[in-house]
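The structure appears below as structure tokens.
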Amino acid sequence: MPGGKRGLVAPQNTFLENIVRRSSESSFLLGNAQIVDWPVVYSNDGFCKLSGYHRADVMQKSSTCSFMYGELTDKKTIEKVRQTFDNYESNCFEVLLYKKNRTPVWFYMQIAPIRNEHEKVVLFLCTFKDITLFKQPIEDDSTKGWTKFARLTRALTNSRSVLQQLTPMNKTETVHKHSRLAEVLQLGSDILPQYKQEAPKTPPHIILHYCAFKTTWDWVILILTFYTAIMVPYNVSFKTKQNNIAWLVLDSVVDVIFLVDIVLNFHTTFVGPGGEVISDPKLIRMNYLKTWFVIDLLSCLPYDIINAFENVDEGISSLFSSLKVVRLLRLGRVARKLDHYLEYGAAVLVLLVCVFGLVAHWLACIWYSIGDYEVIDEVTNTIQIDSWLYQLALSIGTPYRYNTSAGIWEGGPSKDSLYVSSLYFTMTSLTTIGFGNIAPTTDVEKMFSVAMMMVGSLLYATIFGNVTTIFQQMYANTNRYHEMLNNVRDFLKLYQVPKGLSERVMDYIVSTWSMSKGIDTEKVLSICPKDMRADICVHLNRKVFNEHPAFRLASDGCLRALAVEFQTIHCAPGDLIYHAGESVDALCFVVSGSLEVIQDEEVVAILGKGDVFGDIFWKETTLAHACANVRALTYCDLHIIKREALLKVLDFYTAFANSFSRNLTLTCNLRKRIIFRKISDVKKEEEERLRQKNEVTLSIPVDHPVRKLFQKFKQQKELRIQGSAQSDPERSQLQVESRPLQNGASITGTSVVTVSQITPIQTSLAYVKTSESLKQNNRDAMELKPNGGAEPKCLKVNSPIRMKNGNGKGWLRLKNNMGAQEEKKEDWNNVTKAESMGLLSEDPKGSDSENSVTKNPLRKTDSCDSGITKSDLRLDKAGEARSPLEHSPSQADVKHSFYPIPEQALQTTLQEVKHELKEDIQLLSCRMTALEKQVAEILKLLSEKSVPQTSSPKPQIPLQVPPQIPCQDIFSVSRPESPESDKDEINF
């Protein structure tokens, strides 16, 4: 039944408890199997006494006990031990180790791997036995003669078990090894549990006290107990002899069931005083024999079988009938299970009503026994007419008759009528009603009636009048417990807490309640005065003060001051006491249970009873960050003291502070991070090293041609960037646009060309074309007459300086010019020839001053529309008449000139572009061929470098630069060749 679970039944890791319990007289270590050098995570007191080391000194040392090696330790044995750890094997060794005081001792060392639920080896268990008396590594005077014999005799008498284990040591190597393997197998099957979370397991043939079968069985026993409580008083009072076979069989079956219950009680778990579930068969049997066994056995004797015989003496039959009352002791079963039944509200009400009816039944049996005893006077053999039985017989018409032949009184009411009348009287008396048709007349009857009325008034007032008060007073803690559980369940359901976390919360509440019994310790301590509160706190923390040597020199006042500051917390399995990164603000003492310290998903320490973890606050000035997680493996009781409270006490008791700082040793300091390497990481590094070793390394020397080539490219790029930064180039534009004139006329059949030029860049990377090339470019600009009514078109020519946008050379320049022509097509329709010529005749102001600053070497050569040939008019003086919108927004001071271009010039330009494009392709092909040769030479050199050099290195082949193909552009400036410049130039 879920509500009837009593005890701590949550899954927990009881590995450490099992090892300690099964190896209580052994010395052992636990090492982490997943960290390099297998550091020690736990050592028991036996090993500390055997080696002379403190537990804190042994922690994080190698499980191979390398810190105990000495000069006489066998190297081969050391290697075998390491191989056993490396291969995760089980093995045994005889090894010579040294104690802390450097005393050599022979140990019989057993190594066994511990696996988790995934069958992965996570820990190593190393057990040690002292065999120095049987193998002396050093021969001295004390080991000779009778002294050695006396020591050997004393050892044999004190440790016979050790002798039995070490008997095969003097045999051959084969037999010795076989016996060791047998011990390891026995160790692994019997002693070694798995390191995992698991529910409490019960041994075979043991029944859990809260399982469904045992719950059903308890309810059956409850019903049969009430049957016994009803029938036994009835049979004793009315002196019925079980002549009815059916009733006899039924009573016998009930007796058999109670006998079976006795057997089951020898195999049923129970809850210990600390809330733990006791499943050890020996403890269960001893507990039952000391408590309820005798009572249950007396209540199960078959008294009805004796009464069933015909020729049994009346006295003996009456005696055994009276002994049936002993069966009422079976009500103790109800008392011991009452806390189970009280889990249900309806069951409580039914039990109370049954108790009231059962008391009335018992009183009715007693009332009839009094009347039956007084109705006939055995001395005079006369009937008492004032008895309530005689009055009842007269009232119902069944009077008593005297049988003269037999000399006895006969007749009277039947037994059924007598029982009903007795129960009627007791019920009316218990409920304080009393109709009076059946009334006591004799003194004994009146005295019993008075007692019954007193009991009845108490029962009636208690059960029916104050049921709510009874529950509030008797079961206040239980009601509060169930109220808390209901609130927690509603909270978990409202906020949809995951199932796993919900189970942890419920288990923690149940376990905490079982430990504290619902008592608020702080509330109780607040009621007590200061002195009494300090005494109670010292008593509550007595385990901490008695077990740790750091508190031995503390005075009574110091202990009382510390005890008041201590807090006791209860942790369930899986609870995290510290998270990695949290502030360590408390010092924790483990009183019971076990915990694990996890750093980087590896167990670096296992803490048990008597261990201390936290931080050394008395030596540090700042709060520490927890470097690992501390998680409970089992139900744990921790006594903690906060940092501020501890420092306050230490500051006040300075003498104790020195002793405390010197004697308290932390088993695990959460401030210091443990440096370790995982075995898996080491294996990965080894695999990576082997992989890199097998790979061919491609290393290019400093004087390699490839390095020199890229270094040359880098230098050229730096020089080009430096030259561009020193100069302030200006963009020139050749732009043809249609401009409206004042008279609204338009220029037809002409093309207007705007020519401008910037100052050439004077760097080592570029040079200006010769005047012949410039003149040739100027002669190419000729006037073409438009065909028919063709619209005037303008050609936009960019600067001769080659930019990275690709507008300065070849067919790409023509493409951009045509794009600009299409964009300005709408404006050209409104420009007339007269307007164009008018623009040419205007002389803007300030042209002379501007010409003095900037000189344009270009001149107008031909103008078919104006009839002027070989004009000396400078182009840079004819651009002032245009509107401000025609000027470049970035270069407002650049002068513009206009002249018409014939249509044949466009064809000439196309031919030139075609020729230039062909030259560019040829140049690109030559450069690609040269690059292919260079790459082939590089690969050849690299392949030669990968082979070991046995002879002198071959001379390097110089890189050949392909011949430069002359390429001319109309408005272009050449520069040194480089990969980047080629990329910029050939970007189409």
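For all residues, glycine too, the Cβ spot is worked out from N, Cα and C.
The domain 'PAS' annotation in Swiss-Prot covers 14-86. On the 0 to 100 pLDDT scale, the domain 'PAS' (14-86) averages 86 in the predicted structure.
If you look up Swiss-Prot, you'll see 239-243 (among others) marked as topological domain 'Extracellular', on the strength of sequence analysis.
The topological domain 'Extracellular' annotation in Swiss-Prot covers 313-319 (among others), and the record cites sequence analysis as its basis.
The feature topological domain 'Extracellular' is assigned by Swiss-Prot to 368-419 (among others), with sequence analysis given as support.
Marked as motif 'Selectivity filter' by Swiss-Prot on the basis of similarity to another entry: 432-437.
Among the features that Swiss-Prot reports, topological domain 'Extracellular' is placed at 441-446 (among others).
All protein chains shown were included, and the count of other CB atoms within 10 Å of the CB of E565 (nucleoside 3',5'-cyclic phosphate binding site) stands at 16. Feature annotation from Swiss-Prot assigns nucleoside 3',5'-cyclic phosphate binding site to 550-668.
DSSP labels the residues of the region 'Calmodulin-binding' (704-715) in these numbers: 11 helix, 0 strand, 1 coil. The annotation region 'Calmodulin-binding' is assigned in Swiss-Prot to 704-715.
Swiss-Prot lists 721-741 (among others) with the feature region 'Disordered'.
Per Swiss-Prot, compositional bias 'Polar residues' is recorded for 723-741.
Annotation source Swiss-Prot lists region 'Disordered' at 838-893 (among others).
Comparing local CB density within 10 A for the binding-site residues A580, L595, I640, A655, the maximum falls on L595.
Cβ environment of G610 (nucleoside 3',5'-cyclic phosphate binding site): E547, H548, V590 lie under 8 Å away, each six or more residues apart in the same chain.
Counting only same-chain residues at least 6 apart in sequence, those with a Cβ under 8 Å from the Cβ of A550 (nucleoside 3',5'-cyclic phosphate binding site) are S659, F660, N663, L664.
For the topological domain 'Extracellular' (441-446), the DSSP counts in helix, strand and coil order read 4 helix, 0 strand, 2 coil. Around the Cβ of H625 (nucleoside 3',5'-cyclic phosphate binding site), the same chain contributes G581, E582, S583, V584, R671, each under 8 angstroms and 6 or more positions distant in sequence. Remote same-chain residues near the topological domain 'Extracellular' (441-446) are listed as 367, 370-371, 374, 384, 386-388, 391 (criterion: CB distance under 8 Å, separation of at least six residues from the stretch ends).
Under the DSSP three-state reduction, G610 (nucleoside 3',5'-cyclic phosphate binding site) is assigned to coil, being neither helix nor strand.
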